[in-house]
Amino acid sequence: TSACCDKCFCTKSNPPICQCRDVGETCHSACKFCICALSYPAQCHCLDQNTFCYDKCDSDS
């Protein structure tokens, strides 16, 4: 999936430390550290930390 995030949280530090908390069957394409729960369907989230948030995935929000 394309690199996007609907639930991104950042610290108030400078620079900020941001992490996407979206959960889905896969992680986005730019994720380097993806963790998936052993469930069906899989529940995965990306543990990468960045200094920014990706654009939202859901264009309706």
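Any Cβ shown, glycine's included, is placed from N, Cα and C.
Pulled from Swiss-Prot, these are the features on record:
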- Cys4-Cys57: disulfide bond (DISULFID)
- Cys5-Cys20: disulfide bond (DISULFID)
- Cys8-Cys53: disulfide bond (DISULFID)
- Cys10-Cys18: disulfide bond (DISULFID)
- Cys27-Cys34: disulfide bond (DISULFID)
- Cys31-Cys46: disulfide bond (DISULFID)
- Cys36-Cys44: disulfide bond (DISULFID)
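Taking all protein chains in view, 17 other C-beta atoms sit within 10 angstroms of the C-beta of Cys8 (disulfide bond). The subset of disulfide-bonded residues (Cys20, Cys34, Cys44, Cys53, Cys57) lying with their Cα within 10 Å of the Cα of Cys10 (disulfide bond) consists of Cys20, Cys53, given in sequence order. Counting Cβ atoms from all protein chains shown, Cys27 (disulfide bond) has 22 others lying within 10 Å of its own Cβ. Closest by Cα distance to Cys36 (disulfide bond), from the disulfide-bonded residues Cys4, Cys18, Cys46, Cys53, is Cys46. A count of other CB atoms within 10 A of each Cβ picks out Cys46 as the most crowded of the disulfide-bonded residues Cys4, Cys34, Cys36, Cys46.
Within 10 Å of the Cβ of Cys53 (disulfide bond) there are 17 other Cβ atoms, across all protein chains.
Using a 10 Å Cα-Cα cut-off from Cys27 (disulfide bond), none of the disulfide-bonded residues among Cys8, Cys18, Cys53, Cys57 qualify. Comparing the disulfide-bonded residues Cys10, Cys44 by how many other C-beta atoms lie within 10 angstroms of each C-beta, the top residue is Cys44. When other Cβ atoms within 10 Å of the Cβ of Cys20 (disulfide bond) are tallied across all protein chains shown, the result is 25. Proximity of Cys31 (disulfide bond) to non-local residues of its own chain (separation of 6 or more, Cβ distance below 8 Å) is seen for Ala3, Cys46, Asp48, given in sequence order. When the CA atoms are compared, the disulfide-bonded residues lying within 10 A of Cys57 (disulfide bond) are Cys5, out of the candidates Cys5, Cys8, Cys18, Cys20, Cys34, Cys44. For the pair formed by Cys8 (disulfide bond) and Cys20 (disulfide bond), distance between Cα atoms is given as 4 Å, rounded to the nearest Å.
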